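Novice: The structure follows.
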Amino acid sequence: MARKVLTLAEVRDGSLRNVSFEAIAAAKTIAEGGEVVSVLVGDQVQAHANELIYRGADRVVVIEHPNLKFYTSDGYSQALKAVIDKEQPEGIVFGHTALGKDLSPKLAIKLDAGLISDVIAVEEAGGNIVFTRPIYSGKAFEKKIVTDGIIFATVRPNNIAPLERDESRSGSVEALAVEIKDLRAIVKEVVRKTAEGVDLTEAKVIVAGGRGVKSAEGFKPLKELAEVLGGAVGASRGACDAGYCDYSLQIGQTGKVVTPDLYIACGISGAIQHLAGMSNSKVIVAINKDPEANIFKVADYGIVGDLFEVVPLLTEEFKKLKVHS
Amino acid sequence: MMFECWQLKQLFEEGNDVNIFVLMKRTFDTEEKISIVNGKINEEGAEFIINPYDEYAIEEAIQVRDKHGGEVTVVTVGSEEAEKELRTALAMGCDKAVLINIDDDVEEQDQYTTAKVLAEYLKDKNPDLILAGNVAIDGGSGQVGPRVAELLGIPYVTTITKLDIADGGKVTVVRDVEGDEEIIETSLPLLVTAQQGLNEPRYPSLPGIMKAKKKPLDELELDDLDLDEEDVEAKTKTIEVFLPPKREAGKILQGEIADQVKELVQLLRSEAKVV
């Protein structure tokens, strides 16, 4: 059954987030041969429209308005509702990002619809579109289907492979004028706390520190390693509670759930709280002084040793690799 | 004419009473071992807790009440067993508790169901402030808070780490956005969902636990809310629950640290192919 499916593209720091392309890939599966329409919302975002076509969208609808410069649920829901009313899609896919998490339930109510959040896989099976999502902090999974109304889902970044970029693809880009008004919550200021760009939930490589890092200063070698690998720095609850780093870096049952290609745990004991947030990473490396540390039970590769000795050596070794390749 | 200071204070405080509701969920403690029996998560003998994010919501509600005056009602949609977690919330300092038990009436439930039930309960209670956790650690959908706000027609802000309510109902909120912070201005009535870092939830004190036994805990069913089963029927359905493949313990490298590091880089490159 061919369906028309809408996706929401997200722009951050002037570029499209990868999850925008992953949403298009998920939408293709849901569409079963139908049309995929990507929606670009913001203030001066039209320039990104073609990239969405290259990544698999059949059409792009652009809604620009000064009141959409910052995300607000009121502003964005007015924009999205206008496109939905016009396009009458049978499916919608957002990223399961701060924005997608905040916006999707509100729209689901407006559409009197269900919503399957935080999806890591989507497939057609037995006449249904079946969504797989983690439950119980990633310690189990469930498969869900929509039984009534529009098929609405949010996809977790870094899990659904985007389609191959194809510059020969073409498709129409349309602007839709929507009056955005009566915002009941206003963003006064955005305070950047995350360093240099790479978002934890989207990072391909994460270097995480635990209590073994011993101080805020102790994160420095981890940052250097992450930088060489183009990755992000994360932390265990222990390191956050001890005040070595900001809670925004916390990975675990409380904190962020991440699934990078490579997770390097440094001085992390591997409490269940932490494992819940990272154990679905593709490859896990553990560096810990204690050979009995729990983290070694989930690690693919382990080095028993002092992280302050191992991590700088590792950074050097990767630097060499970069020079050679 | 002069007001006595205490009179002025009382006038001010009465005018500012905040009618506060907390949406709470009883959850499986996911730090426990998880197994599946008959296609469902085995709850036999498992430990249940207040959803950790809801604890932040409860703590914040109590702090707002203590500062501005008012009343905190903690509400849950769940089974009879949730009475235990509601009593804990009362022991922390909430004033009243409400258990909405729809298990006998509604077979298939999802976030659509829960939100409809909560909104129906709240719609004639004139809430000034509703707090909830930003996500429950069991189901992990994070939908119910925003859904309830939308059903009630009030604004919401999710994943907050700071809440300031000024006289006259103006509210300043700090919102965590994937590690960055947004400073948001809004107003009451409002729904917010709590992120870690909002506060440090208190433990119930012994006198608190004693007092909690005497605090009102009402139990409602679907009929009491003027809702039929069809009004709240789930829009989604779980067709399978499964455990992830067990992760085998991997390779602990041996030898001199410098050699281990070289070997690791090689393995990541040629065996794991991630760098």
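Backbone N, Cα and C define each Cβ position, glycine as well.
Bear in mind that the values here come from a model prediction, so they are computed numbers and not experimental data.
Not my notes, these are from TrEMBL:
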BINDING   A:ARG211, A:236-237, A:250-254, A:267-274, A:ASN288  FAD binding site
DOMAIN    A:5-190  domain 'Electron transfer flavoprotein alpha/beta-subunit N-terminal'
Novice: Go through the binding-site residues A:GLN250, A:ILE268, A:HIS274 for me and flag any whose C-beta is under 8 angstroms from a C-beta on chain B.
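Specialist: Among the binding-site residues A:GLN250, A:ILE268, A:HIS274, the ones whose Cβ sits under 8 Å from a Cβ of chain B are A:GLN250.
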Novice: When DSSP is mapped onto helix/strand/coil, what comes out for A:GLN250 (FAD binding site)?
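Specialist: Looking at the DSSP assignment, A:GLN250 (FAD binding site) belongs to a strand.
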Novice: Would you find the one among the binding-site residues A:GLN250, A:GLN253 whose Cβ has the most company, meaning other Cβ atoms within 10 Å?
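Specialist: Highest number of other Cβ atoms within 10 Å: A:GLN250.
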Novice: What residues, ordered by sequence, lie under 8 A Cβ-to-Cβ from A:HIS274 (FAD binding site) and sit at least six positions away in the same chain?
Specialist: A:GLY210, A:SER236, A:ARG237, A:GLY238, A:ILE251, A:GLY252, A:GLN253, A:ILE268
Novice: Including all protein chains shown, what's the count of other C-beta atoms within 10 A of the C-beta of A:ALA271 (FAD binding site)?
Specialist: 19
Novice: Mean pLDDT over the domain 'Electron transfer flavoprotein alpha/beta-subunit N-terminal' (A:5-190): what is the value?
Specialist: 96
Novice: Under 8 Å between C-beta atoms and at least six apart in sequence, can you list the same-chain neighbours of A:ARG211 (FAD binding site), or say none if there are none?
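Specialist: Same-chain residues close to A:ARG211 (FAD binding site) (Cβ under 8 Å, separated by 6 or more) are A:SER236, A:GLY238, A:ALA239, A:ALA242, A:GLY267, A:ILE268, A:SER269.
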